[in-house]
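Okay, so here's the structure we're looking at.
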Ligand SMILES: *[C@@H]1O[C@H](CO)[C@@H](O)[C@H](O)[C@H]1NC(C)=O
C-alpha cells in the first residue's frame with residue numbers, strides 16, 4: 001500500500017513534469033455523493049448512470065445544484081452541453097461562491113454562459129470577486145471555436161492559493177495571478193460549487209433587450225464528467241482536509257507550461273471579446289493585476305468598438321433566487 005501510494009505519487013510527478021497539468025483522469029463521483037439539488041423541483045434530473053444531470057428552465061422555474069462540501073482551493077470541472085436554438089436571456093452558471101455565508105464580503109469565481117438570439121453563438125463570461133469587491137467587476141468575455149450546443153465540452157476552474165485559471169477543453173483561457181496589490185480581491189475563503197440555469201431576461205443578452213421566449217422552452221443544459229478535486233473543509237473542525245495529492249496537483253497545475261501558454265495567448269487573441277483590463281471608460285486607471293498585452297488590446301479595439309465607445313455598465317449582485325445568490329455579473 002505504502003509502495004503503491006509512493007509509486008502513484010511518483011507517476012503523478014512524472015506526468016506533471018511532462019505535461020505541466022496533472023488534473024486528468026480524476027475520479028468521477030456519483031451525483032448524490034458530491035452534490036445536492038438547490039432548486040427547480042422536477043427540472044433537475046439525474047441520469048440513470050447516477051453521474052450526469054440535466055438542468056431545465058421552463059416557464060415555471062429554472063434549476064440548480066450545489067456541492068455538498070465547501071472547499072478552500074481545488075479543481076472544479078464539468079463537461080457541459082448547452083441548449084440549442086433560440087436561447088436569448090437564458091443563463092447557465094458554473095461557479096464557486098460563498099455568498100450564503102458572507103453577505104457583505106463574499107468571494108466568487110464564475111463561468112457564465114449567456115444565451116443569444118441566433119442559437120449558436122453562445123458567449124462565455126468569466127469573473128471573480130474577492131471579499132465583497134462587487135463594486136469592481138473583473139469580467140472577460142469570449143466566443144468559442146466550436147458550437148457548444150452540439151457536443152459536451154469541458155469547462156474547468158483551478159483555484160489555488162496563488163492562481164485562478166479558467167480552462168475550456170484543457171486549454172487555459174484566463175490566468176489570474178495573485179498579486180500583493182490585489183489584497184482581499186483575490187478569493188481566499190472557502191466556497192461551494194454551484195451549477196444553475198435561470199431566466200436572465202433582465203440583463204443577459206444585449207443588456208436585457210431580448211428576454212427568454214418560452215415558446216422555445218424547455219431549455220436543457222446537460223452536465224457530465226463532473227470533478228471536485230480539492231480541499232474540502234470540515235464544517236465542524238473548520239480546517240481543510242485535503243489529500244497531499246490535491247495540494248501538489250493544484251500547485252503544479254498553477255504553473256502554465258510554455259505550450260499551454262501559447263495556446264492561451266492564441267485563444268485570447270482570436271476569441272476574447274471583452275476584458276475589464278482594456279475598458280478605459282470603466283476603469284480610468286487599469287487595475288493593478290492587469291498585464292496589458294498589445295495583441296489583445298489591438299483586437300479588442302477592433303472587435304468591440306462599442307465597449308471602447310462606452311456601454312453603460314450596470315451591476316447585478318446580491319440577487320436572490322430561491323435560496324441562492326446568483327453569480328454576480330454585468331450586462332452585455
Ligand atoms: C475582508 O473584509 C472584511 C470585512 O469588510 C475585513 O475586515 C477584512 O480585513 C478583509 N480582508 C482582506 C484580506 O482584505
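The backbone N, Cα and C atoms fix where each Cβ goes, glycine too.
Positions annotated as signal peptide by TrEMBL: 1-20. The feature domain 'GH16' is assigned by TrEMBL to 21-223. The active site, nucleophile feature in TrEMBL is assigned to 108. The active site, proton donor feature in TrEMBL is assigned to 112. Per TrEMBL, the feature region 'Disordered' maps to 313-332.
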Residue 112 (active site, proton donor), number of other Cβ atoms within 10 Å: 25
Per-residue pLDDT averaged over the domain 'GH16' (21-223), given as an integer: 92
For residue 108 (active site, nucleophile), the number of other Cβ atoms found within 10 Å of its own Cβ: 24
Secondary-structure category, per DSSP, in which residue 112 (active site, proton donor) falls: strand
